[in-house]
Amino acid sequence: PAVPGSGIPEMKTILRGVVLKEYLTFKTFVAKVIGLTCALGSGMPLGKEGPFVHIASMCAALLSRFLSLFGGIYKNEARNIEMLAAACAVGVGCCFAAPIGGVLFSIEVTSTFFAVRNYWRGFFAATFSAFIFRVLAVWNKDEETITALFKTRFRLDFPFDLQELPAFAVIGIASGFGGALFVYLNRKIVQFMRRQKTINRFLMKKRLLFPALVTLLISTLTFPPGFGQFMAGQLTQKDTLVTLFDNQTWTKQGLSNEFEYLGILEAWCHPRSNVFVTLVVFILMKFWMSALATTIPVPCGAFMPVFVIGAAFGRLVGESMAAWFPDGIHTNSNTYRIVPGGYAVVGAAALSGAVTHTVSTAVIVFELTGQISHILPVMIAVILANAVAQSLQPSLYDSIIRIKKLPYLPELGWGHHEKYNMRVEDIMVRDIRYVTLNCKYRDLQHVLHSTRMKSLPLVESAESMILLGSIERAQVGALLSHQLSPQRRLQALRQKALAEDEHRLADASIRCQISTEASSGTPARTASRKPLKLVLKRVPSSLAETSPAGTTDHTGIALKSLFCANSTAEPTE
């Protein structure tokens, strides 16, 4: 049950100090790795960044648990939280081979406050993870040396013209609206499925049906010989990004033989439509497909699909600019052609930043492409996209937290500033049942019967009301049943039919106790308040003490003899 979905919302909750059981276990680890491999292999518009964070966190938790067998610092709970914070950086770092962006992204996404002492630890771990990820590519003969994942070859002497900055700003603002719409659409799909009671009940019984239907729908629409030919259906996510980041202009040359990726690029050029139609269809179709696909109960992230959609949108704007200014924007006497691939990089960073509410996607993009030439347009677009998206919707991860009802206080968005004036006392329950250190068995039973709260506060005393902690209701119940004598419970089970006789026996024991206490000169009130277990234990000894003195109360003696005979007949505890 802990495997489906991204993993980052739950990690945010865990790093806030909430214990989510079964979430960081070995069983979950195995299921997540196998499930993610299959999900990515299916070719569905699903990402891997969130699950990578979850997998890295499980590795960290399992390592901590293993090392704690040898004692030392790993038994410290605070150290475990620090390990998890570093693990989040590792997850993003090895997903994109982007250690710096990974650390910054993990801080932005998972932490409300960040201990700076974890900073170098995160970098250390993320750098090694990215290094090993890229070294494996060299060993598999995929790469000749360690390079960026999606290497771009943009012009370095004149990457963009200053007059293009408004176009980059437009990409940023549009991506902000697009990111907010994506989060809204994702949430509405989940809520619609939950509200339809009949559909929900049917899908709960047949759990495999919903993923199967969604997969069938999406794979049918993207089938390359069918409708997929109008949206580059045959390209995988990686091929799509490689083509979108290409530094040639598609519209002007009309995909001539100059291209290095002639085979893959042909997917974007359909004989009966132009590049613009293909890009628009691709963006619209992938948008709702990704929003729908990320709701199915399999291990998947939403970062990569959104990243690809953003790149396609950027490419669309870039190609439009290239068609609008075929010879480039004139500055002085030099003419430099517009590079649509740069627009694609800007769009990818802006849309993914808007959906996740992070600025570090800019750094991730630089590490992904291996070029920092577009740093200014990327930063402008990402900041504008964040400004728009944050004013409209929560981030995708906060939205999932709300859907799953995880115990997490979200950040207050714009337009909710009056809530900063609210105090805890305005929303807390006042008349609350509590347990004190010196409460009796009767008080505990009364608290359990009078409230349905899952957790009970433990205070020092009713006068001081100093909070010492809390105890779960189930634990209180278990402790009570454990503390009551097994002998009494066995007797109750054996003699359920003789319940009335048991009541008489209990009355007799209490009267006996009072009479013996009275004869020995101690106040009876204190004895009558003692828990039943103590009364039953004390009676034989008190009788033994008082019997030599002798008493004149014949009824007391009769009761004593009755009770003592009964207690000796029963097997001792």
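Every residue, even glycine, has its Cβ placed from backbone N, Cα and C.
Owing to the predicted nature of the structure, the values given are computational and were not obtained by experimental measurement.
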Which one of 165-187, 257-279 shows up in TrEMBL as transmembrane segment?
165-187
How about long-range neighbours of the transmembrane segment (303-325): same chain, 6 or more residues beyond its ends, C-beta under 8 Å?
45-50, 164, 167, 170-171, 174-175, 178-179, 182, 237, 240-241, 244-245, 249-252, 275-276, 279-280, 282-283, 286-287, 290, 293-294, 337-352, 355-356
Where among 52-71, 119-139, 165-187, 375-392 do we find the most Cβ pairs under 8 Å to the transmembrane segment (83-107)?
119-139
Beyond the flanks of the transmembrane segment (52-71) by at least 6 residues, Cβ under 8 Å:
6-8, 10-11, 14, 24-26, 28-29, 32-33, 36, 79-80, 83-84, 86-88, 90-92, 94-95, 106, 110, 129, 299, 301
Could you give the residue numbers and ranges of same-chain residues that sit at least 6 residues beyond the transmembrane segment (375-392) on either side and whose C-beta is under 8 angstroms from one of its C-beta atoms?
160, 164-165, 168-169, 171-173, 175-177, 179-180, 183, 342, 345-347, 349-351, 353-355, 357-359, 361-362, 365-366, 413-415
